[in-house]
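Features as listed in Swiss-Prot:
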COMPBIAS  388-397  compositional bias 'Polar residues'
DISULFID  CYS105-CYS188  disulfide bond
CARBOHYD  ASN7  N-linked glycosylation site
CARBOHYD  ASN19  N-linked glycosylation site
CARBOHYD  ASN23  N-linked glycosylation site
REGION    377-412  region 'Disordered'
TOPO_DOM  1-35  topological domain 'Virion surface'
TOPO_DOM  57-80  topological domain 'Intravirion'
TOPO_DOM  102-106  topological domain 'Virion surface'
TOPO_DOM  128-147  topological domain 'Intravirion'
TOPO_DOM  169-206  topological domain 'Virion surface'
TOPO_DOM  228-244  topological domain 'Intravirion'
TOPO_DOM  266-292  topological domain 'Virion surface'
TOPO_DOM  314-412  topological domain 'Intravirion'
TRANSMEM  36-56  transmembrane segment
TRANSMEM  81-101  transmembrane segment
TRANSMEM  107-127  transmembrane segment
TRANSMEM  148-168  transmembrane segment
TRANSMEM  207-227  transmembrane segment
TRANSMEM  245-265  transmembrane segment
TRANSMEM  293-313  transmembrane segment
Amino acid sequence: MDTIIHNTTNRSTDTPHVNITCNITEPLSAIRTTEAVINTFIIFVGGPLNAIVLITQLLTNRVLGYSTPTIYMTNLYSTNFLTLTVLPFIVLSNQWLLPASVASCKFLSVIYYSSCTVGFATVALIAADRYRVLHKRTYARQSYRSTYIILLLTWFAGLIFSMPAAVYTTVVIHNGTNGQSSNGHATCVLYFIADEVYTVLLSWKVLLTLVWGAAPVIMMTWFYAFFYSTVQRASQKQRSRTLTFVSVLLISFVALQTPYVSIMIFNSYATAAWPMDCEHLTLRRTIGTLSRLVPHLHCLINPILYALLGHDFLQRMRQCFRGQLLDRRAFLRSQQNQRATAETNLAAGNNSQSVATSLDTSSKNCNQHAKRSVSFNFPSGTWKGGQKTASNDTSTKIPHRLSQSHHNLSGV
């Protein structure tokens with residue numbers, strides 16, 4: 001929602017009335033229209049997409065059980081869906097199309113800022129959890145209790161972080177230049193008076209820059225730098241499959257976050273250094289409009305990156321559409337039948353292969369006895385083959401942990 005800085009020195013208890021003395025420039029009007037169009041697209045595409053992914057993840061958790069990655073993924077999809085649920089009300093309010101009370105504005109503001117904060121924090125937690133999997137030689141899952149405690153603390157921190165929004169969000173009635181009230185121009189805004197700009201507003205913008213911008217970038221970069229060095233020691237097939245997935249994930253995140261962090265840093269500087277005339281107030285609103293889009297774009301691409309591009313999630317989604325995940329017992333029974341059939345086919349194939357191998361060995365032995373020849377060479381695959389097998393045994397730990405990390409990144 002918009003941030004309004006009013007050139008007064010005290011806060012009135014009544015509903016603030018703001019005179020429209022600063023005309024909306026053409027660039028600001030174009031940016032606000034573009035913001036409304038992009039947000040509408042995100043709502044109609046990202047909302048159903050997050051709902052489908054969240055329902056699929058919840059049903060998969062119910063059927064196959066929970067794990068630390070799936071708990072984090074479920075929390076990420078929930079926060080994104082919650083953000084996109086309140087976004088239509090904020091968009092309509094910004095366009096002066098939805099009158100609201102002060103209580104409803106404060107409620108929507110708290111939900112919006114807390115869900116966005118928890119969403120960014122969950123992305124960092126997922127990166128930290130994947131680092132923990134690759135860094136430890138033996139992968140021991142942390143207890144679900146500690147995972148839930150971490151998420152509860154994250155939500156608590158998100159609610160505390162959104163307290164300035166609860167305090168300073170209000171309804172502002174926009175008046176014309178003649179002081180007369182304009183019908184339908186009552187909007188939900190973050191309202192700050194002049195004395196609060198260099199204390200409350202500046203401090204909050206700096207915190208937004210750190211929590212929403214810098215911290216997730218640092219966590220993601222730190223994890224994937226270690227991830228890249230680990231992938232170099234994996235097999236070529238595993239390396240290619242995992243690097244493709246991780247490269248798309250990291251490039252998409254950094255491509256959004258790098259401009260966002262730059263805009264937020266510049267916005268904090270503008271709040272502290274620029275005067276409060278009409279020109280600079282309009283520029284502040286323009287910068288704020290640009291920075292508001294990035295969290296919404298994350299809500300759109302997160303289900304694509306973490307779910308639809310993840311391992312085995314599309315199969316789970318098809319099973320969800322067919323209703324196979326609704327009955328847990330029937331699903332597990334069908335999985336057991338498929339596993340038993342596969343094991344039977346594998347055993348039959350191994351038996352036929354062993355028979356063919358024994359026949360081939362017998363024929364070779366007969367030929368050797370017939371030739372009466374003696375060889376002092378090592379049999380094929382004894383010393384050299386054993387050395388290669390031992391080397392492979394010691395090097396399978398990294399691909400195994402890498403496979404776990406790639407599988408758990410998708411949360412399924």
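Just so it is clear, glycine is given a Cβ too, placed from its N, Cα and C backbone atoms.
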Leading stretch by Cβ pairs under 8 Å, where the reference is the transmembrane segment (36-56) and the options are 107-127, 207-227, 245-265, 293-313: 293-313
The transmembrane segment (81-101) and the transmembrane segment (293-313) contact flag, 3+ Cβ pairs under 8 angstroms: yes
Positions whose Cβ lies under 8 angstroms from the transmembrane segment (293-313), at least six residues beyond its ends: 35, 38-39, 42, 45-46, 49-50, 53, 56-57, 73, 76-77, 80, 83-84, 87, 116, 119-120, 123, 126, 212, 245, 248-249, 252-253, 256-257, 259-260, 263, 406-407, 409-412
Helix, strand and coil counts within the topological domain 'Intravirion' (57-80) (DSSP): 21 helix, 0 strand, 3 coil
Neighbouring C-beta atoms (10 Å sphere around the C-beta of CYS105 (disulfide bond)): 25
Non-local residues, at least 6 beyond the ends, that sit with Cβ under 8 Å of the transmembrane segment (207-227): 116-117, 120-121, 123-124, 127-128, 130-131, 134-135, 161, 246, 250, 253-254, 257-258, 260-261, 264-265, 267-268, 295, 405
Neighbouring C-beta atoms (10 Å sphere around the C-beta of CYS188 (disulfide bond)): 26
Close approaches to the topological domain 'Virion surface' (102-106) from elsewhere in its chain (Cβ under 8 angstroms; 6 or more beyond its ends): 1, 15, 93, 165-166, 169-171, 188
Predicted model, mean pLDDT over the topological domain 'Virion surface' (1-35): 68
